[in-house]
Amino acid sequence: MGEKEVVINKEIELTPEEQHLIKRYLFKTDLRVLPIFGFVYFFAVMDRANVGAALANGIIENLKLSSTDQGNIGSFFFIFYVISETPANMLLKKFKPHIWFSFIICAWSIVVMCMAATKTAATFIVCRSFLGMFESGLTPGVVAYLPYWYTRSEIGFRMSMFFAAGTLSGVFGNPIAAGLAQHKIGSLASYNTIFLIEGALSLFFGILTYFFIQDYPDTCTFLTEPEREVAIRRISADQGVASQAKNSLHDTLAALKDWKMWIYALMFLAVNINATTIAFFGPIIIKSMGYSSTRATILASIPNLFGFIGQMTTGWTMHAFPLWMNSVFFSACAIAGAAVLGFAKASSTVKMVFLCLFGFGGLPNIPIVATWMSVNSGGISKRMVASAMTVSFGGISGFITPYLNTSKSAPKYHTSFVVNICASAFILGMALLLMTYFTAENARRDRVSKDVSHLSEAEQRALNDLHPEFRYRL
């Protein structure tokens, strides 16, 4: 009897009945997986970005924050965020997802509530450092977790929905923070109400996630056995089954030695310079246009709304157009918006319009770059490392943007917008570079066939994106 054929990096043929089962599988999975992590990311972004509302509502005066302190509040969050991300993704494979994610959510929620008790700049910065450490496990973890459930052709839309939830947090988070800042709790400063209430909400939701997060398709409770069988067969042929994947030195080195993963990481750094400028420092940038603290905090939701619209748009455009084309278009929009904000002599209304264009162009590249990295990694274990690398580099933006957007830089923030223009231009250029390389490499693999049938399934999976049947997504 002949050996069973190893099917890797290929789409399997499905009967009409199996295609119907897959539609049911995707419908159920979208309902049970995406909303939970959408809410989690909503609270995560709200908890990390509420410092922007605090800066506009009295914390600078109450804690006597110098310009250096203001920069350190942002940068120390990201220092611990960056150094903790790769170990955090390794722990995701050591613990079941429902245990790991619920733990980090509850931990960072408690830290946010503790921020309300701080009396000095030093203690506040320490809390922000712990917040960065615990939040570090979420984004790279979800970027690695979602492909447990979806094939390469399906992941783009889901990644867009996940990241859009974070942007939606900016839409609602700023008005919520502005409202909370109007209500004092006891003798606490008004901005401390933001930390207490938002931290408590996140803690409540973190406890719920322990009971609602499903670990893997082959162990979840909401699928019928026929749905589970055909879904796992598809995912296995596409990239492998997550519950069976193990962390290995080989896959770690494969990610570290792959120049393409470093390009994605640098692109994610660049796009997060745009994102942190909008999400964290939107209120103080708008305040410098002449608006009051409360009005600026509320208006900061508008650029985030346009960023949300842009990210929702990518759920369709990533299917309709190549990923490189998506990246180029949105980067060009961000460049145009930042250029007017940084250099044009215009009214506050005109500047708000171009801040919205900056948001529309800057934020969509988050799901685009994350998706592009994920679908071109080639395997689950390599993607775990690559996603941690990518998101870690995104965190480096937090070292940069806080020092570009201090009160000393007001009201023009010229340097900040120059850096943002350069960041978007870099994304645009790297998208064109990757498109050129992937086109040539896919054509070469089409011309030159390499037989790896003598290798076992494990050995073939270890080839990751170097497998001869693998084709890079443009």
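For all residues, glycine too, the Cβ spot is worked out from N, Cα and C.
Automatic, uncurated: that is what TrEMBL annotation is.
Computed from a predicted structure; not experimentally measured.
According to TrEMBL, the domain 'Major facilitator superfamily (MFS) profile' annotation covers 33-441. Positions annotated as transmembrane segment by TrEMBL: 36-60, 72-92, 98-118, 162-181, 193-213, 261-286, 298-317, 323-344, 353-373, 385-405, 417-440.
Counted over residue pairs separated by six or more positions, the transmembrane segment (72-92) shares fewer than 3 Cβ pairs under 8 angstroms with the transmembrane segment (193-213), which leaves the two as not touching.
Of the Cβ pairs linking the transmembrane segment (193-213) with the transmembrane segment (98-118) and spaced 6 or more residues apart, 3 or more are under 8 Å, so the two regions touch. Only sequence-distant pairs (6 or more apart) were considered; of these, fewer than three Cβ pairs between the transmembrane segment (417-440) and the transmembrane segment (36-60) are under 8 A, so the stretches are not in contact. Counting C-beta pairs under 8 angstroms (sequence separation of 6 or more), the transmembrane segment (162-181) fails to reach the transmembrane segment (323-344), with fewer than 3 such pairs.
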